[in-house]
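**Q** My structure is below; once you've seen it, I'll send some questions.
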């Protein structure tokens, strides 16, 4: 019978409200005995109670606590010295419950609290006066005070630290749990199975709630999760902090690149993945449309606010309808409009470049202001307002569009089977009335639509102004190639014409939407938006990425035009200055006599108005100094801000930190993402490369199959060909510099020889023509003195100007060499790594890759590589020529300096001869000029004087003959 009871008791939980009375009495006696013994030790020992408690816990652990056995879960259980006590229970709610004797913080029990709620720790309650609720399943005799309750709170806290048993416990309020007061006074009963089930259920529901919350609050800031009070949301927020978040210097308040993530496909799901995910584009289009319409309404109300008073005064007496609130349509919201252009229609008279597109510059209706009556003028103004509201003229574009995007049409949709290309400032503007994004980007849908055929419209007509019921979704196929898609099946995806979406200067939010819709990898998104500088080809699962660098052709044209205008203005200024000088010289020569007569009067008048001018200048300078300080500070701040904005824009465009110096090319990064049925291109500045490729595709669509790989090849080819004109200009400049340097010294020698020959010829002709008119020349010399002096002055000034211009040309030559070398090095920097990129690109085609199918484009890529290698070798050759020209220029400068030194030596030699002749004369004259008695002083004849003069002449002749023989002059 005892064995049956023991077997039956093994299935009973460890805690039960009903147990046998002998066992309870035995436990009470043991507990009372241990308590009395422990209290006696505390009274007899002089040490602190905490130290005694610590010692007793170490040596007499079994005597102090009633928990002697530890199960496999690491929990303590009550037992006797021999075996575990099994308590019988009839309560089914406590079956399988374990006892956890770890101390826990008290929790409020006012209402049900889930496990997922945040548990806030509260201060430890005083154990001297416990205020626990009376458990439902315990008898009043079981409510014994703990032995530890006699300790103070600080002593109890130190004891708990030594025990290292401060843990948090969670209690499921929905299940019946009981508390008991034992020696620990904080023991909690936990149903582990129910707890684990509850945690698993909350975890699954928390994941679902978080996924719904992400879908609902997509693109919001991370700071919105700070006020959440559940542990599941907090844990999910902590997990989100460890996700990949690439750094972005252009982060906005609405979105950031850390929201861009690669959604992993569920391997167990049988639903096929749709590419592209047009639902993301549809949601973004709705949000963008609502935002732009609200902005347009605000702008229209602000624009027409100034006409409110006139409308209120004149609406009662005049006919017509004038709406108080503006009617907002797609025409009034230019961001939602688009323009359709056919690139081949602009090819007139051999023109290979399209005209500039300006569809938004609508012609404003001129107002007639010649009427005298104010009533007629008001009626005209109101009729003009009605036309503007109803028809859409004089659209006031939002300032954020004009300031942020000078090139308004940032999104361009192209397909070779369409008659025209769609240009739009926004993603939503690409859609025609009644059209969806599936009709643009899903090959199976637009191929079926094209096979059914559409109504053609004029390619240059703006589509937003046409009604939706009269406009088809997209234009049909051209009549030249009707059999292109006649036999096409949707299964044969290779025959579907690919779409091409060209994006210029995308925002961070647009980049995020496109990445999610087309399944672009986060690394690709980071490279595009942060401006990857290195040129490369990367292969992904669904696409491959090509990073290719070009140069800003538009900026280069502006620089050339500005430089040409500057040169023309400089030449005009030089001519005008020379003309003014000649006129001023003639005026001064003619008015020289009049100026001498008017000197006295001008001096008198100058003495009167000069002090007044000085006083006015002093006053203006005092006022100017007070204003210049503030204006200079504002100007400096504005210039620094403008410089920072330019650097930021250039960094986004080319990836470089600083703007290139004058003479260097501005790099432009072009990113090409090639899918099987589509192409995405990104660039951050306007460039003509996409226009050229679209025109080329339309011209050659009857002779080749335009695929996505061909579009990528055509873009690379057009970017490479854009460097050819620059290299030709560099070649011409290099050869001109070399020829000018080699002819620099020859021109100087020829000019000197020509001038000497002309002088000698003029002298000989004078002697031959007038051999007997020397006396007449001498007599007429005094009369022609003024003319000779003026002529000599003009010739000396002309020679001085010629020398100055020559030296200036030499200085300009050095500047030309430096600028040309700078240009060569900038192009070499852009072309240096392109050969390796093309080589890797061709390798992708030659190998068996799933993402890059076999085609004939690999043959053309080899031709591009040959072009690049040829251009690089030509640039290296030009660099060597410029280096040699630079050395030749320095040699010419040394020759010129040597020539100058030789001329100076000649002048010094002539001065030496003159000194040799004059020095003896100075000695003789100095001796006879002393204030002493000299020979011949008292003679009345001129004998001594004549003799001294003759001696001096003979001495000068002898000195001249000696120096001429000695130095070879």
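Every residue gets a Cβ built from N, Cα and C, even glycine.
Positions annotated as compositional bias 'Basic and acidic residues' by Swiss-Prot: 1-11, 37-48, 565-578. The compositional bias 'Polar residues' annotation in Swiss-Prot covers 141-152. As annotated by Swiss-Prot, compositional bias 'Acidic residues' applies to 749-769. Feature annotation from Swiss-Prot assigns phosphoserine to 114, 175, 182, 383, 576, 582. Sequence annotations record features per position, and here Swiss-Prot assigns phosphothreonine to 177, 571 based on a large-scale study or a structure entry. Look at Swiss-Prot and you will find 1-49, 96-153, 167-186, 199-256, 559-662, 746-769 tagged as region 'Disordered'. Marked as topological domain 'Extracellular' by Swiss-Prot: 934-941.
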**Q** What is the Cβ neighbour count of residue 571 (phosphothreonine) at a 10 Å cut-off, with all protein chains included?
**A** 10
**Q** As a test of reading the model: what is the averaged pLDDT for the topological domain 'Extracellular' (934-941)?
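**A** When the pLDDT values over the topological domain 'Extracellular' (934-941) are averaged, the result is 83.
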**Q** Per DSSP, to which secondary structure element type does residue 571 (phosphothreonine) belong, with helix, strand and coil as the options?
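**A** Once the DSSP labels are grouped into three classes, residue 571 (phosphothreonine) ends up as helix.
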**Q** Does anything in the same chain, at least 6 positions from residue 576 (phosphoserine), have a Cβ under 8 Å from its Cβ, and if so what?
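**A** In sequence order there is nothing to list, since no residue at least 6 apart has its Cβ under 8 Å from residue 576 (phosphoserine).
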**Q** Reported in the order helix, strand, coil, what are the DSSP residue counts of the topological domain 'Extracellular' (934-941)?
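**A** Result for the topological domain 'Extracellular' (934-941), in helix, strand, coil order: 0 helix, 0 strand, 8 coil.
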**Q** State the residues, same chain only, that lie 6 or more residues beyond the ends of the topological domain 'Extracellular' (934-941) and have a CB under 8 A from a CB inside it; answer 'none' if no residue qualifies.
**A** 927-928
